[in-house]
Amino acid sequence: MKQQDNPLIEQFLDALWLERNLAENTLASYRLDLHALVGWLTHHNSDLLRASPQDLQSFLAERIEGGYKATSSARLLSAMRRLFQYLYREKLREDDPTALLSSPKLPQRLPKDLSEAQVDALLNSPNVDIPLELRDKAMLEVLYATGLRVSELVGLTISDVSLRQGVVRVIGKGNKERLVPLGEEAVYWIENYMEHGRPWLVNGASLDVLFPSNRSQQMTRQTFWHRIKHYAILAGIDSERLSPHVLRHAFATHLLNHGADLRVVQMLLGHSDLSTTQIYTHVATERLRQLHQQHHPRA
């Protein structure tokens, strides 16, 4: 049997997709990790149904010593835990050998953020007299006003947006729905774009996508990322400060800087775990520390 056809792994991934609705990229990464585990176990005269905690710890240690990054090691451990929990739950094993495995220590990475002045410069970069750039202006305004993920933004339909109520309906990770306020500025630019930009882009086509590409199709995340980089150059923003989610990060950090409650920011971002949102408090605290050092006479 070919290694990539391991039936236990495929059964597990099918169940995981049905239960958790994980992204295809995550499932593909899990598949690679788990096939590597099966290969290692086979080489050591074992398999998924007989592997011991010591086997799994040795496999994980070899991966880390071989240059696996902490993030990759954490993903590998997550895949292993979920697999063996599944095997135990399905009564294919009498135990869960991952129960006592130790997690690799992850360094805390602060999100790249922009100052409010940099965000203003970025948002003012598109030439709104050009329909394509008017669309981009509306997209940037919506992104900063709502903190949406880029994938959520490019997937918006006309029916997802209520300009009268000033809210957007978002289907996030795990098909979870949330309503996010737009704010007056974003509403204004969507209205402007709907009247003067979108008709030119769709060119008479029947299309429900709110922000189509210039070929009357749904825009890809990669295309919009290139647009962000283009406007960042015009705004004089260092590319080192950029990421596809740079305005999502700015949205969260600036809200916290202005006193927003952490749980409200969590709800707006669509985070299921508060700890995911808490990293933005470190960005805000770091900014305060820098300002203190710059301006306090005894800093």
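Don't overthink the numbers, they just go from 1 along the chain as shown.
Each residue, glycine too, has its Cβ placed from N, Cα and C.
Under the heading active site, Swiss-Prot lists ARG149, LYS173, HIS245, ARG248, HIS271, citing sequence analysis as support. Residues or ranges marked as active site, O-(3'-phospho-DNA)-tyrosine intermediate by Swiss-Prot: TYR280. As annotated by Swiss-Prot, domain 'Core-binding (CB)' applies to 3-88, with the evidence given as sequence analysis. Residues annotated as domain 'Tyr recombinase' in Swiss-Prot, with sequence analysis given as evidence: 109-293.
Sequence features annotated in Swiss-Prot and their locations in the structure.
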residue	record	DSSP class
ARG149	active site	coil
LYS173	active site	helix
HIS245	active site	coil
List the Cα distance (Å, whole number) between LYS173 (active site) and ARG149 (active site).
10
Please list, in sequence order, the residues in the chain of ARG248 (active site) that are at least six apart in sequence and whose C-beta is under 8 Å away from its C-beta.
LEU143, GLY147, LEU148, ARG149, VAL150, LEU269
Residue counts for the domain 'Core-binding (CB)' (3-88) under DSSP, helix then strand then coil, are 69 helix, 0 strand, 17 coil
How many other Cβ atoms are found within 10 Å of the Cβ atom of ARG149 (active site), counting all protein chains shown?
19
